[in-house]
Amino acid sequence: MSATLQRVAPLSGGEGHRTPIDSGAGFVLEMRSITKAFPGVLALDGMSLKVRAGTVHVLVGENGAGKSTLMKILSGIYAIDGGEILFRGEKLDHQSAAAALERGISMIHQELSPVLDMTIAENIFLGREPTYSRTGVLSRFVDFDRMNSDTQTLLDRLGLKYSPQTKMRDLSIATMQLIEIVKAISREASLIIMDEPTSAISDTEVAMLFRQIADLKAAGVAIIYITHKMDEIFQIADDITVMRDGQFVAAAPASEYEPAKLISQMVGRTISSIFPKEEVPIGDIVLSVENLSRDGVFDNVGFEVRAGEIVGLSGLIGAGRTEVARVIFGLDAADAGVVRLNGKPLKLTSPKDAIANGIAMVSEDRKAEGLVLCRSVGENISLANLKKFASGIFISERQEETASQRMIKMLQIKTPDTAMIVENLSGGNQQKIVLAKWLLGDLKLLILDEPTRGIDVGSKSEIHRLMTEFARQGLAIIMISSELPEILGMSDRVVVMSEGRVTGELTRAEATQENIMRLATGGH
């Protein structure tokens, strides 16, 4: 997938159509003046959307804009409070996801929920297994041969080289995402909702997905596509609708948009740069990784990071970047090699050792590994530094509150107070809370694994601004990212890995998309 934004001519005079797209023919879906309220929150306020058959309609907006709520209404998970939905010319009144599926509406959720101990085939046909009967027996039996055969046909269609009998737990997250797409295709849906479908898959798999989307379009299937990735939007969209604060902002064919205009409509303000990287003084070597190896995972990895420097760790999925970071943070053990901090060799047997030496890591999966979602903002911020607030066996709530308020102000976290439950915040604010948790400590090295995955463009800009500020304060930063624009926009140097080895190191001037991809694919 190209990381270069496709720039198209902006609309002449005006900011895009102020009503849903009304040109052309063949609307498969019309959502009119949809409202939805939750206790204390108006999630959707008169939102409208029109989608043409045989097109990809990209729905964009910052986290919290209401995109997921709108799609959950369409897919039968939520009931509407007001408005109406027309699907293939008929008014929809379904009150369940099963009814939506029966109508031909299928949704691929960003957060997967496969049955891990079942096979690929069993997951795809769960609840609608093909059956056969036997003479004299009232019960029907699952036809596993047919189910496996049909699954193999679907896998071949998408180019996936897996057996239908492979257990889901043996697949990568990326492959599980593709299996969800296979499941939607198997239902012969006439409208498929894809919520961040490429958030955890490689460029090769993205290209595979886009080819399948092209086939679906040709068959007349409508696709509502939610993504924060600008390059994807302009690569795949036929039409674009922009949401903000639960309301319709604008809609137009993708050919009438350019990135700057789209971003401005999404956030309601002008963002000067998504990558506000500034030159800051580079200091002495903080981290030195020497001949680091882990059997079967990565081999002979070496690089350095200096104070005030952001080093981008780039490579394809499976290159070993996260695995190296896990060793530096003490989550996994190396079989050979040395990790030095300020020249001193470290013995890293657990994250506790890393934290004690001033090393922090923000995981790529903030919800599973970075936050306690059911706890408050204040509790999450103080989580890694409870000793600072402890007096004997008691925690000083006053000190904890003061420190949390300081972090909220410094990182500009949008929350009404420290008592707010973290699960109810946007992805961008959740990521800031993970950062705040570590910044309370005495940090020397910060490892950021996919720091802006799944967050909107406005929040991305904020995270990037904070990274620059941390570097200015002398922090050494490792940034792992699968988004080339982010690597190119934020890195002082780029270390590229392929199949568990470092294949090259590039200065900011040398770092281009072509050079990185050449090294990431094993070239020299």
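Here the Cβ of each residue, glycine as well, is placed from N, Cα and C on the backbone.
Record features (Swiss-Prot):
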- 29-270: domain 'ABC transporter 1' (DOMAIN)
- Gly61, Glu62, Asn63, Gly64, Ala65, Gly66, Lys67, Ser68: ATP binding site (BINDING)
- 280-524: domain 'ABC transporter 2' (DOMAIN)
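Applying an 8 A CB threshold to same-chain residues 6+ apart, the list for Lys67 (ATP binding site) reads Leu59, Val60, Gly61, Asp195, Ile226, Met243. Residues Met243, Ser426, Asp456 surround the recorded ATP site, their Cβ atoms falling within 8 Å of the Cβ centroid of Gly61, Glu62, Asn63, Gly64, Ala65, Gly66, Lys67, Ser68, which are themselves excluded. There are 27 other CB atoms within 10 A of the CB of Gly61 (ATP binding site), with all protein chains counted. Around the Cβ of Ala65 (ATP binding site), 25 further Cβ atoms fall within 10 Å across all displayed protein chains.
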